Amino acid sequence: MSAFRNHCPHLDSVGEITKEDLIQKSQGTCQDCKVRGPNLWACLENRCSYVGCGESQVDHSTIHSQETKHYLTVNLTTLRVWCYACSKEVFLDRKLGTQPSLPHVRQPHQIQENSVQDFKIPSNTTLKTPLVAVFDDLDIEVDEEDELRARGLTGLKNIGNTCYMNAALQALSNCPPLTQFFLDCGGLARTDKKPAICKSYLKLMTELWHKSRPGSVVPTNLFQGIKTVNPTFRGYSQQDAQEFLRCLMDLLHEELKEQVMEVEDPQTITTEETMEEDKSQSDVDFQSCESCSNSDKAENENGSSCFSEDNNETTMLIQDDENNSEMSKDWQKEKMCNKINKVNSEGELDKDRDSISETVDLNNQETVKVQIHSRASEYITDVHSNDLSTPQILPSNESINPRLSASPPKSGNLWPGLAPPHKKAQSASPKRKKQHKKYRSVISDIFDGTIISSVQCLTCDRVSVTLETFQDLSLPIPGKEDLAKLHSSSHPTSIVKAGSCGEAYAPQGWIAFFMEYVKRFVVSCVPSWFWGPVVTLQDCLAAFFARDELKGDNMYSCEKCKKLRNGVKFCKVQKFPEILCIHLKRFRHELMFSTKISTHVSFPLEGLDLQPFLAKDSPAQIVTYDLLSVICHHGTASSGHYIAYCRNNLNNLWYEFDDQSVTEVSESTVQNAEAYVLFYRKSSEEAQKERRRISNLLNIMEPSLLQFYISRQWLNKFKTFAEPGPISNNDFLCIHGGVPPRKAGYIEDLVLMLPQNIWDNLYSRYGGGPAVNHLYICHTCQIEAEEIEKKKKNRRKTELEIFIRLNRAFQKEDSPATFYCISMQWFREWESFVKGKDGDPPGPIDNTKIAVTKCGSVMLRQGADSGQISEETWNFLQSIYGGGPEVILRPPVVHVDPDILQAEEKIEVETRSL
């Protein structure tokens, strides 16, 4: 054992253990509260057989350690060992069976004792041997037991007006790609970020899909975690199921996301090389996934305000280096559902050129502008339209990956120092390789799609093309007049009057609003055939993707003309997601009223064809979808009840999930439902055949001389995706081809071993890679990790010493002239960092929760969770982290009357004389 591993003095107390013993204990229960796993903890003290629950329950394992002074315990799910006395993870000699040795690597320097466990550099020089894939790992056939008594039919108890959450969770639970990830790759649900939503979701999925099939479970842990992050869901009022979905998916993405470094192809044209900074506010008004036909002049003129305050609706979180987020506001939901994520190919800019010319001819000398949004700034790429005839490759959609998420950042100034260089395009500049940061998670892999939208000025013919990532499509429900226009049109993308889709979404006065309210009430009381044809989901999609004339009060602010101009706006899908989430905009919220559109929308259970909405040059091959689940709302806008209809993937039957009640229903019942949110999954019989073929090959188990390591995450895609894409082993490899030191401790959770014949078949079919026959800890990454940790340690020490010195000086002041207030939430994050409890420094100072503006002045919010520091301390912290705003308290100055002061002095003199 190395000196580093021997640093824990309590390892000598470990008794003799075997892997079989731990497996047997993992199938048991906590000896105190009788709760089952996962994540039970077994005491490793010699001759102690105690097994207790962890933090997700009552944490009896910690209580046992405190009472008995037994410091070492092992997690029976991950087999990782924790020492309570040393407050860190420790590594045992291999007592659980022989493991292949790795080449010796330089041992890391000893790290500060109170440093957080996850940024300690794993010092074990061996890796656990990953399991060999067996038939069950790739088996897609349903067991006879599951056909007779299908799993996943467990209800969720209502814990106080939480039907919105229960319906959303059941709908997500019946999305096989996501659920199978947590069931088959549960070891990947690890995070240091609080409140660890991914761990709570893993526990919930394990309970819902357990073979014992309990009648119902209580999602308390998950609900408490979400309420901690998002105050919207606190209390007992009814909330929106779609907002909960977006919040949950965003939190899961944030906790599970991984940064991937990728080198561009040398022939690619990097967007950064042609970027020019453009602060025009009008450029923000492009396609929103809320509706292609929604544009607002006010938002054109006030684009810079799109990252501000409130948290009622959603906006996007484009990933870079940031972590946390909150929900956004109502009007942002209409315009900011998407931001640019990826740039696929310059040929994509040509995709709608022919259809554009139907309205007006393009001038070959004009410029097509591609606008790329990021959280730090805006990027504008100008491409001459005469280049559009020759498609050139821009960075692939794997290279630049700012990503749509469910919520905006905590504050506007959350990303200091993230403004990348803006360079003027050089026509003759040499192509060069370049690295881009990108993030991905199981959420983005499953739910992210891409839309290409264009706005053309009808005066100067300038076309602005925007590529946007969406996680769901919010579709308007067209009215009778809109349906007539859509159905009478011979072209599927013919122009529809701006704002006409769903007249309820246009600005209205009080009288118009009241008349519309009465009209809707009457409509809801009269059979739909009286009012016209039935609205279908295809109608809603057609209305969403319809061309939109920008004129009148809805004119387009042209950057070239520098004026408001008439324009035309349209969009198509460049990349469809594996699971398409569709939200029907049934609710409309005014200042004092809320209304609901109760129009029935007909939707198919199978064979939703999205070919008419696919971009011309899109590489997508599968555009047909089958319904997985649908969330329904019964009632009015102010009150009601949510339920979910879901198709069980094991027996293909439909069930109604109404809180803790689960009932089988017919397909006609589902089709007659008042759909609010729908989940569709790509349909591919070819993918099913390929999975059966590989499963049969694996069952044969031909002897092979070589074993190949493959990513568990990619195998999950192969089992559940219609288009799994190329094999990707980058989730367990570093850029040097080895295993990153941080992942060495749980490599068995990341990979499986395949026989050579299975690897050859998968590789020939899907490509990708790289092929891996040997696992080793990367020496280069280990050295880099040591250097990074050394710098962090020095930074912590410096910041802590300066703060203590400044704070002591502040405490000695008798009557300071000013106090600076600081958010205690941010301060606790900073304190955890400088004390070594958290591996990463906090973001910018965020005083928005403790500040309130009155009469133009920033004041301390009453009852705010804040602390007081000196001006020098504030300047010190602000110079490092930035942020704000400044919240200053000035003690009142007591003005003493001069006559009173003179009288007091006279009395004092007389007293002395006596």
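Just so it is clear, glycine is given a Cβ too, placed from its N, Cα and C backbone atoms.
Note that the structure is a prediction, hence the values are computed from the model and not measured.
The Zn(2+) 2 binding site feature in Swiss-Prot is assigned to CYS30, CYS33, CYS53, HIS60; the stated evidence is sequence analysis. The annotation compositional bias 'Basic residues' is assigned in Swiss-Prot to 421-437. Taken from Swiss-Prot, the feature domain 'DUSP 2' covers 786-893, and the record attributes it to sequence analysis. Per Swiss-Prot, the feature phosphoserine maps to SER345, SER407.
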Listed in sequence order, residues not in CYS30, CYS33, CYS53, HIS60 with Cβ within 8 Å of the centre of the Zn(2+) 2 site Cβ atoms:
THR29, GLN31, ASP32, LYS34, VAL35, LEU40, GLY52, GLN57, VAL58, ASP59, SER61
Fewest-neighbour residue among binding-site residues, criterion Cβ within 10 Å, set CYS30, CYS33, CYS53:
CYS33
Surrounding CB atoms that lie within 10 Å of the CB of HIS60 (Zn(2+) 2 binding site), all protein chains:
20
Kindly assign HIS60 (Zn(2+) 2 binding site) to one of the three DSSP-derived states: helix, strand or coil.
helix
Tally of residues which DSSP labels helix, strand or coil - the domain 'DUSP 2' (786-893):
49 helix, 24 strand, 35 coil
